[in-house]
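Report on one structure; see the data block that follows.
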């Protein structure tokens with residue numbers, strides 16, 4: 001029996017063992033046609049039935065994909081809404097988060113559905129052109145998120161360690177983002193060349209999108225390309241990110257200012273102030289937020305990359321780790337796209353302010369008036385329902401104040417004006 005040799009994430013652009021499952025599925029049973037069991041057909045006539053293996057463990061990943069897809073789609077669209085409508089939508093940090101959100105949406109709306117349906121269908125039905133294009137776009141999405149995180153880390157590093165004027169910093173940020181996106185599209189081009197649709201040796205009707213010819217004809221080059229992808233999507237971004245934030249921590253906590261004051265009795269007092277205390281609150285909040293996003297990347301991407309490297313080195317399936325756990329680790333990689341908007345929402349005031357106006361419910365939308373009103377006006381007015389809530393003074397209403405709201409049609413100009 002001749003079976004396909006298993007490819008890995010480097011050449012599929014999806015995840016370390018998506019096609020590992022496909023080939024193990026075939027090669028463990030292929031006797032797909034050779035080792036089938038004689039059975040009686042439904043019509044009562046004698047025949048040969050194809051016995052498919054029970055792979056219920058893979059449904060764990062399918063369920064997780066559905067959850068990740070829903071959370072990531074809602075979260076990232078809400079982030080886009082708040083970024084485009086917020087007061088500080090043109091700030092450099094918001095620009096970086098905007099690009100990261102686009103990268104996360106690429107994984108959410110393309111990689112996850114493709115992986116989901118590929119697991120269900122087992123074989124490839126899209127033809128040779130779609131095979132190459134899908135592998136290309138999937139790899140662009142896999143490059144995009146780490147590359148944008150590199151830009152975020154470099155920007156935070158430069159703003160803390162080598163502060164520039166706002167104009168210079170904005171230009172630097174835009175140039176780095178442009179370079180990162182161009183790099184994503186350029187270095188993904190090999191996917192168009194190495195993939196093709198091939199039929200299984202034992203079943204000409206079973207078609208699969210693979211890099212089998214590239215792997216067998218150019219074995220050394222195939223290994224080099226795999227490790228290049230691993231380094232570009234994980235090792236290099238991780239090294240740059242860790243290096244940048246290490247330098248930031250050293251700069252912040254290693255620097256201090258010393259000031260002398262004269263007391264009432266003529267004695268001089270010397271006070272030392274750490275570098276962390278001298279940072280503006282907005283910059284500190286942005287630094288903590290980006291640090292949390294980077295931490296989420298490390299936690300989500302590390303397990304599946306280690307697993308994929310082990311599979312590639314051994315060139316055989318991991319038999320020691322339970323299949324269900326392997327599926328959880330693979331889904332964990334894609335869950336990074338759902339975690340990023342949650343982190344952004346935790347640290348951003350504009351997100352919490354504009355989130356209620358980003359979604360409609362039955363054609364109606366609640367518009368909040370974040371303004372301070374007197375007890376007399378709220379008690380005497382019966383036109384609108386009232387609600388008490390605690391909010392920061394940055395939202396326009398002091399803690400414990402009473403705010404009123406009213407419901408208006410979603411398509412009116414007033415809603416658009418209030419959400420900008």
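Placement of Cβ uses the backbone N, Cα and C atoms for every residue, glycine included.
According to TrEMBL, the feature transmembrane segment maps to residues 175-194, out of the candidate ranges 175-194, 195-214, 255-274, 355-374. Range 133-154 is the one annotated as transmembrane segment, of 1-22, 23-44, 133-154 (source: TrEMBL). Mean pLDDT, taken over the domain 'G-protein coupled receptors family 1 profile' (75-344), works out to 84 on the 0 to 100 scale.
Distant neighbours of the transmembrane segment (324-347): 15-18, 57-58, 60-61, 64-65, 68, 71-72, 75-76, 78-79, 97, 100-101, 104-105, 107-108, 111-112, 115, 145, 285-286, 288-289, 292-293, 296-297, 299-301, 303-304, 307, 318, 355; these residues of the same chain sit at least 6 beyond its ends, with a Cβ under 8 Å from one of its Cβ atoms.
For the transmembrane segment (224-250), same-chain residues at least 6 beyond its ends with a Cβ under 8 Å from one of its own Cβ atoms are 8-11, 139, 142-143, 146-147, 149-150, 153-154, 156-157, 160-161, 187, 190, 194, 287, 291, 294, 297-298, 301-302, 305, 308-309, 312.
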